[in-house]
Amino acid sequence: MSRSPLDESTTASGAPAKDAAGDSAATPDAGTTGAWFVRGRRLPPPMVLLGWLVVAHVVLKALVYLLVVDSPPHGDESAYLNAAMALSNGVRDLFALNGPDVAELDRNVVASGWFMPGMAIVAAPLYVVFPDADIALVRAYLGLVNLALWLVVLRQVVRTLGPRWAVVLAIFPGLVPMWVMFTFGAWGDLNAGALLLLLLLRLVEMFRGMRAGRGPGVREGLVIGLLSIVILYLRSSTAVLLAGLGVVTLVAAVVLLRGRVRLRAIGAALVAAAVFGVLLAPWSAYASHVLGARVLTTTTVPTVKANTFGERDQVCFGECDPDSTLWFRPVRYAREVARATGTSEVEVLGQMSDHALRDLTPGHYLDQVAHNLAAYSLIPAVFVNHVVPEGGRGPVGEVGGWAAQLGTWLLYYPVLLLSAASLLSVARRSLEARMLDVLVKLCLGGLLVQPFVHVAGGRYWTTAAPFFGLAAAMYLRGRQLRRAPAATAPTPAADLVAVRWLNRIQVSLAVATALVALALAVSVLVFW
């Protein structure tokens, strides 16, 4: 079991140990079993408090389930569940020694190549056992899967960062009603965020090893590769973030390590890349075969860019068929053109996107990005009005829906503001604080790339929710410790290089965030 600095009273040099926020474990509020003081008030020990918060999460989950138990699939949920049923049929066919229905798999698993099959794989076991499972059973199953995943995440946070950080996450997002509601959904956003947090924790442990002169080995490479590909299968938009984290980790190994240890770390990186590539290849090859074009992950980018940033009345080289949805009109048109011309619908969609975007200006682009960011971050409870039973909720259900919205707003908006402040600040209290600060900001920045290339909505924030919670807590803890006397213990020579590089990255990230925010603010003022 790896030990968090929070659990140690002194460092090797004899100075008080510090947790990931930079506070001394020798202070009265530290430790895993001792009393915890906040503004002079005694709280239960962190592990006890964490246990009660987990109980509160389970109770809230049971109450929220009553709001969604009979709600039919909404939007993309239908595609994910149809793919899950197709996979389950294929599994049963194989066990019956029959060939799988390839046409059904092509039609429902690949379809137009819009969705990675991660959530279909998660939901398929339920349909293998219960082929006719109703939506109430589906949502209960998904809720239990997500509960198990969340408990694993909290346990790993305790092991890596300490129990107080687990308490933070148990509150936000663990007690946010809308986040809990999404645990019953068939979208992969929330699951991807939880697994991304597990990946961050693995990287924290890896960086600690590098700091001590130990390079990651084959096992670490396997784990990182597996976590990364599962995250991608659940949420394809994380590709940029995963690539960025991989590059940062490799650079850290080159900078911090020397000799054979550095070569060992590079070997681990190659193992991670190999695992990632080998497990991505089957999906990429299958989707490419079905669609007759090269598909790496999904095919959504051209259509989404056209509908988000282009002229919608020109997406189909003019207006699209009005008898379908905004997203399926271009696909249907592209299929017809592809059949008539003998080309791939993916190629046609790319041409349609280029046509719709031909008059895009920087000002219009930035204005739309600002709107996307607002949709991503400012309407966290909008889906309470989408995931609704066909006959409505009734008076009691309506009260529950309003309570879910109010509870979400009260927790979400303060944390969002604190997270924004954290993105513009630099944590300097300790090397641990700097390291966690960089990783959290990279995760948030990578996730917030989506509004710059893709339409955004009120469910995507669930991927970033754990990192919002961490960023907010880090900012508050940093301000609290800023008023405390600074540590006088000298920084070990081995840490000076890491501190220097981390400081450069922190400042660069804060400046980049400020510049992007300024550009978006100007575009909104000019083009509103």
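Cβ atoms are placed via backbone N, Cα and C, with glycine included.
Curation plays no part in TrEMBL annotations; they are all automatic predictions.
Feature transmembrane segment, per TrEMBL, maps to range 216-234 of the set 216-234, 368-386, 463-481. In this chain, the transmembrane segment (507-527) lies apart from the transmembrane segment (161-180): fewer than three C-beta pairs between them fall below 8 angstroms, excluding pairs fewer than 6 positions apart. Between the transmembrane segment (47-67) and the stretches 109-130, 161-180, 186-204, 265-286, Cβ pairs under 8 Å are most numerous for 161-180. Sequence-remote contacts of a segment are chain residues at least 6 beyond its ends whose Cβ falls under 8 Å from one of its Cβ atoms, and for the transmembrane segment (186-204) they are 20, 73, 76-77, 80-81, 84, 116, 118-119, 122-123, 138, 142, 146, 149-150, 152-153, 156-157, 160-161, 169, 179, 220, 223-224, 227-228, 230-231, 233-235, 238, 241, 245, 249, 435-436, 439-440, 443, 459-460, 462-467. The stretch with the most CB contacts under 8 Å to the transmembrane segment (216-234), chosen from 109-130, 409-426, 438-454, is 109-130. Taking every recorded stretch in 161-180, 240-258, 265-286, 409-426, 438-454 and counting its Cβ pairs under 8 Å to the transmembrane segment (109-130), the highest total belongs to 265-286.
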